[in-house]
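Heads up, the thing below is written out as structure tokens.
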Amino acid sequence: MVSAIVVRGLEDAGLKRFIPAFAAISDQAFLGLMMSDYPSHGVVDLEDKQKLFRLIKSISAASKASGEAPSHPAVEKPNALIDLDENDGDLLADAGVAFQLSPLSNQKGAAPPAAPTNNQDDPPKIRVVVRKRPISKKERERGDEDVVDVLTKSSTVVVNEEKVKVDLTKYVEKHAFKFDEALDEQVSNEAVYQLTVGPLVRTLFRSGRASCFAYGQTGSGKTYTMSPLPIRASADIFTYMAQQQYRDISLCVSCFEIYGNKVFDLLNQRKKLNILEDGKRKVVVVGLKEFTVDDVEGVKALIEESSKQRSTGSTAANSDSSRSHSIMQFALKRAAPVAPGGFRRGEEPPEPKVVGKISFIDLAGSERGADTFDNNRQTRLEGAEINKSLLALKECIRALDSDARHVPFRGSKLTAVLRDSFVGDQARTVMIANISPCSTSVEHTLNTLRYADRVKELRKDKADRTPGGVTPGDEAYYAAVARAAVPGPEPMERDKDRFDHRDRDRDRERDRGPDRFVSPPRQQGFRMASAAGAVSDTDGAAAALAERHDELMDSILLEEENLVAFHRAKLEEDMETMRQEMALLQEVDKPGSEIDHYVEQMTALLNIKRQGIQELQAKLDAFKAKLREEEALSRTVHKIRA
């Protein structure tokens, strides 16, 4: 049972009511608790979790330094979130340290923690966590309001969307979403780490494959959330590696980005990389440079270098939007055993074996299609490619959690390189959905929450699956929705049965074009308004044109790949033709050569070259026609919506 020191610490920290829950465990077990273990002891409130976490850290540090726990554990102030000012990477200089390393990691001479054992709680295959950022001063000055409520005890996010009735009176519609964890703006990065990546680190030392990715609109705090996680994880990894059984393991770090359909090494001067599949059906990023690091400072330096090399761009939604997916990978490698007698002369030592890998994925900023119509074509193409890869990522995660026999990792370059994170019994994934609280970003916020809800909708441990996964919440909310369908003061009819519609094609349409798809209540509202004459023909025309534009963008992306591949093939044919021409020239220079043979062969080669040029020109003209059509459609939709 716990000692009097721990009991006194719980009392001083305001956690006296939890003393019976910890009475049956030892001090060592108490100090080894992870934040994910707290609910099993009755600690579910986020504030209580933070108090308990700080108490455990304080007692651990004091016991290692002096051999006895302090009578009054020091209480640390939680790290406050900084003002992002709508920019993903705009960190305030006076925000202080974004996270604190564990006292065990900083304490010189501290004994390493116990090695991970198989009886520890195994994290679920997929966890979905939502984090709300604070509203900035600039947003308040321009009249933005906080429309997002985070209920941490029930892990629920409620979005209060202001809408307009047919008679032009305003009302608020509530959208409730329930996730594994819902974090408000007061939660520190350390708490985020303990709830998301912390449990994954243990699986790495059991031959696990893990991935953690942040999703959300630009300016919602993705980069701020993701930046400290690799550093904090590396500190825990090095602590584990200090154990005797892990002394032969090394940490290798790599970082690359996927921009459009191209892959670049962010730690090797943006060298272009190729993604291939070897004979063992393993996807390999050819040419990716890895760095072996042995301390946290080395990891920090690599992260800073990769951040400088990442692609950003300006969109209508954000002036500094991340236009690429950044992927940082930690690979734990164990050196192959050396046979007696060592290596033979000239023999290469065997490659180290990867025993664990974790990927930190900072996804490209997501904007609705409606926010990109006034951008240039390149930005629109980037947005279409981003949406395509996000859809493929979601499908892979769904397949992973449902133990599907086939995981569609070939859907995009992003999922192809993350294949080993999606297959196997030890594959684990954490999604962090970042949302903005602003009233002007409510559509972005709802789209992010719907995407996150679709990711977790096939969770087999969720017996009480929420209908439709579109506006999930408690039964009281659905009852209110059903009552709204009865004729009365509310003009918009809602039918609960429509929440049960789960057609996969409609799901895909939502992900491909978030601006074209609205939640069923809103869609039904538009139908009712249309019946009453509230929706004009212009809105219908804009929706039809937007749908046509999205289809055209998909076609352009596909034809772009085909055109480049055809051009590359023709260049190879031209090189072969050129070699034949050189051979003809050498032959015609010889004494006694037949000029008729030379003329005949040259005529045949020129015909081949002419035919190739004509084929390439035809494909190029067809592609240019699609580009002109896309430009015209984009301008038309923008004018209608302006």
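Each Cβ is built from the backbone N, Cα and C atoms, and glycine gets one as well.
Per TrEMBL, the features are as follows:
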- Gly216, Gln217, Thr218, Gly219, Ser220, Gly221, Lys222, Thr223: ATP binding site (BINDING)
- 568-633: coiled coil (COILED)
- 491-515: compositional bias 'Basic and acidic residues' (COMPBIAS)
- 125-458: domain 'Kinesin motor' (DOMAIN)
- 483-534: region 'Disordered' (REGION)
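Shown are the binding-site residues Gln217, Thr218, Ser220, Thr223; of these, the residue with the fewest other Cβ atoms within 10 Å is Thr223. The number of other Cβ atoms within 10 Å of the Cβ belonging to Gly219 (ATP binding site), over all protein chains shown, comes to 28. Comparing local CB density within 10 A for the binding-site residues Gly216, Gly221, the maximum falls on Gly216. Counting every protein chain shown, the number of other Cβ atoms lying within 10 Å of the Cβ of Lys222 (ATP binding site) is 30.
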